[in-house]
Structure formats: structure tokens, C-alpha cells
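I have placed the structure first, in the form of C-alpha cells, so that the comments after it can refer back to it.
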Amino acid sequence: MRWLLPWTLAAVAVLMVGNILATALSPTPTTMTFTPAPLEETITRPEFCKWPCECPQAPPRCPLGVSLITDGCECCKICAQQLGDNCTEAAVCDPHRGLYCDYSGDRPRYAIGVCAQVVGVGCVLDGVRYTNGESFQPNCRYNCTCIDGTVGCTPLCLSPRPPRLWCRQPRHVRVPGQCCEQWVCDDDARRPRQTALLDTRAFAASGAVEQRYENCIAYTSPWSPCSTTCGLGISTRISNVNARCWPEQESRLCNLRPCDVDIRPHIKAGKKCLAVYQPEEATNFTLAGCVSTRTYRPKYCGVCTDNRCCIPYKSKTISVDFQCPEGPGFSRQVLWINACFCNLSCRNPNDIFADLESYPDFAEIAN
């Protein structure tokens, strides 16, 4: 076993030399020194609301077209900030002009912003995206419009009443090669016959029509329900009573009842409804910061406490002139309510397809 001793000593010597060389050649480890970064100054947001509220005795007098609203602190009446004005938690933008406070330019405080215009959102129908305000035709029978996330459609195929005099048994049938249905009489089924024509000579004599258009079928659809159950809304209809005899959409403003007035206390004892409510004083109509040139004392539909809906029964359309603080004035058609009644048939005014449910091919809108 003596012959193993030299070899063992040699191996130990080689290992020791290797460790010494590795230690000598390896870089000296550096010590990492972490220096803490200086802390940023604490961001302080100014406080624009003070409690308890301190309001002036009289509300401010706002310029013509500027809304008088409650401030963001829910304390005092202020004149709403307009487009491009600075806005804060207290000084809010004019909601009647579709403005909101954009704080993106005041990072990272987000305390003072600028009043900007609200941009309506688009719509998606059958996987196709449409921008706000865009009109499109999903098929040849309907024309649709995207309005702030909601799609509203109007039928393009106008269906006048069937003829009563010369047609014995009228039938509403599809015609090959045409999109819309037409009235057909059994006495002459080989070719479709039109309904009673609009006598344009009477309109020409009154100056309403400058040129006579043959084969013009006069049609005016009923007004759609008001888009809101309270406050300012809009209703539409389709009519081709014009010089071109072309179907056009007409609109009018509507206000069934005020949102900020509780009509229920006005119901007499023992009664279940109040058909008509009328304010005591005449006021001006306001629209997008513009004010009507004259005052009105309109009638509003009341409320029913027995699950019935109070809707207009007799009404008409009037023209109201508005004056704006900047720029020329304009006129709008407005619903004028004469009488209301409580009806058991209640429907959601925002259901834009409610009037189409009675159509046999209602499902074609989504095809």
C-alpha cells in the first residue's frame, strides 16, 4: 500500500494549486450600494368644496343661453361652464350642451380641467360597427341610424291603404324583382295597380308644389311616441308630402311631463289619476342653450296610480322660434298637448322596434 501514498499526495497538491489559481484569477466581488431615491413631494389637490355651504343670498344672473345649475358640491346655484372654460369639482360644465370636464391636461393632480364636447358612442349590428350619427341600410326595406349606441330603423316600404273604389279584392303581394310589396287587384292580376294618387294640382295652385309629379302616393305615418317619459324628447314620422314626393323623416320636440315636478300631490282625493297638468306661470322653452322668443304655458300629461299610462289623446304640432346667444336663431316643431288619458296599453318609449312587431317580416331587419 506504500505505492498509493505518493499518488495521494500528488492529487492533494494538484487540488490545492487549482484552488489558489481560481481565487487569484476570479474578479473581486463588488459590494452593491443602494442609495434610496429622493421621495417626490406629496401631491396635494386643492379643495373646491367647503362645508357647510356658503352661498350668496341671490343666485347669479347667467348670460342668455347659459344654464343656471347646482354646483358640483351640491350647494349653490352657479352659471354652468361653457366649451373651453376651466372646470373643477365645483364649477361643472353645462350638461344641457353635452359638455364634460376633461382632466387629462392636469396630470397627476386631475383637479382643474377644460370643458369639452361629449362624443357619442357607436353601434354594433350583426357584427358591423357604425359610428355615431351614421345612417345605413341593412337591407332594401329599412333605413337605420346609429344614435349614441342605439340603432333606430324606419321602414322604406310605405304601405298606404288599399284602394276602395275601383279594386274589388285588393291583395298585398310581393312582386318579383322589387323589394317592396304592392297592391294587386284580382280583376287584373297580370300587373300591379297603384292606389289612389295624390292630386298635386291642388298643391300646385297653392304654391306648395312647383312641378307636378305623376303617380305620387301621399303617405304620412303617425308620430312615434316621445323618446322620454319625462323631460325633453323627440318623436319622428315619415312623410312624402313634398315637392319631390320623396319619403323624408320629420321630427318634433316633445315633453310629456316635467321630470322635476311631482305631479302626484295634485291628484284630488278619491281619484286615481290626473290626466292633464298645467303650470301656473308661463315659461320659455330652452334647447341647447337657446331660448324661445316667447313664453308658453303648455299642458302636460299627468300620472295614473293604477298601473295605467297617461299619454296624449289630443295634440297638435306648433312651430317655436329659438334665439341663441351666439349665432342666428332657428325654429323647431314642438308637440302641443291638448288632452291626455290613462291607457292600459303601456310600452317603453325607448323600444325603437315596438312599432315593427306587427310587421310579418320583422325578423328581416337583422338579416
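Each residue, glycine too, has its Cβ placed from N, Cα and C.
Noted in Swiss-Prot for the protein shown:
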{"type": "SIGNAL", "residues": "1-22", "note": "signal peptide"}
{"type": "DOMAIN", "residues": "45-118", "note": "domain 'IGFBP N-terminal'"}
{"type": "DISULFID", "residues": "C49-C73", "note": "disulfide bond"}
{"type": "DISULFID", "residues": "C53-C75", "note": "disulfide bond"}
{"type": "DISULFID", "residues": "C55-C76", "note": "disulfide bond"}
{"type": "DISULFID", "residues": "C62-C79", "note": "disulfide bond"}
{"type": "CARBOHYD", "residues": "N86", "note": "N-linked glycosylation site"}
{"type": "DISULFID", "residues": "C87-C101", "note": "disulfide bond"}
{"type": "DISULFID", "residues": "C93-C115", "note": "disulfide bond"}
{"type": "DOMAIN", "residues": "121-186", "note": "domain 'VWFC'"}
{"type": "CARBOHYD", "residues": "N143", "note": "N-linked glycosylation site"}
{"type": "DOMAIN", "residues": "215-260", "note": "domain 'TSP type-1'"}
{"type": "DOMAIN", "residues": "273-347", "note": "domain 'CTCK'"}
{"type": "DISULFID", "residues": "C273-C310", "note": "disulfide bond"}
{"type": "CARBOHYD", "residues": "N284", "note": "N-linked glycosylation site"}
{"type": "DISULFID", "residues": "C290-C324", "note": "disulfide bond"}
{"type": "DISULFID", "residues": "C301-C340", "note": "disulfide bond"}
{"type": "DISULFID", "residues": "C304-C342", "note": "disulfide bond"}
{"type": "DISULFID", "residues": "C309-C346", "note": "disulfide bond"}
{"type": "CARBOHYD", "residues": "N343", "note": "N-linked glycosylation site"}
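A map of Swiss-Prot features onto the structure.
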{"residue": "C49", "record": "disulfide bond", "DSSP class": "coil"}
{"residue": "C73", "record": "disulfide bond", "DSSP class": "coil"}
{"residue": "N86", "record": "N-linked glycosylation site", "DSSP class": "strand"}
{"residue": "C93", "record": "disulfide bond", "DSSP class": "strand"}
{"residue": "C273", "record": "disulfide bond", "DSSP class": "strand"}
{"residue": "N284", "record": "N-linked glycosylation site", "DSSP class": "strand"}
{"residue": "C304", "record": "disulfide bond", "DSSP class": "strand"}
{"residue": "C310", "record": "disulfide bond", "DSSP class": "strand"}
{"residue": "C340", "record": "disulfide bond", "DSSP class": "strand"}
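Here the C-alpha separation of C55 (disulfide bond) and C73 (disulfide bond) works out to 11 Å. Annotation: C53 are the recorded positions among C53, C79, C101, N143 whose CA atoms are within 10 angstroms of the CA of C73 (disulfide bond). Around C324 (disulfide bond), the C-beta neighbours below 8 angstroms that are at least 6 residues distant in the chain are G65, G289, C290, F330. Of the listed disulfide-bonded residues, namely C93, C309, the sparsest CB environment within 10 A is found at C309. Sequence-distant neighbours of C273 (disulfide bond): residues of the same chain at least 6 apart with a C-beta under 8 Å from its C-beta are I267, G302, V303, C304, T305, D306, R308, C310, C342.
Annotation note: C62 (disulfide bond) sits in a coil segment as assigned by DSSP. C75 (disulfide bond) has its Cα within 10 Å of the Cα of these recorded positions: C49, taken from C49, C87, C93, C115, N143. Close to C309 (disulfide bond), meaning Cα to Cα within 10 A, are the following glycosylation sites out of N86, N143, N284, N343: N343. Taken through DSSP, the domain 'TSP type-1' (215-260) splits into 0 helix, 15 strand, 31 coil.
According to its DSSP assignment, C324 (disulfide bond) is coil. Comparing C-alpha positions, C53 (disulfide bond) sits nearest to C115 among the recorded positions C115, N284, N343. Per-site Cβ counts within 10 Å over the disulfide-bonded residues C62, C79, C340 peak at C340. Most Cβ neighbours within 10 Å, among the disulfide-bonded residues C310, C342: C310 holds that distinction in the structure as shown.
Its Cβ placed at the centre, N143 (N-linked glycosylation site) has 18 other Cβ atoms within 10 Å. Under the DSSP three-state reduction, C79 (disulfide bond) is assigned to strand.
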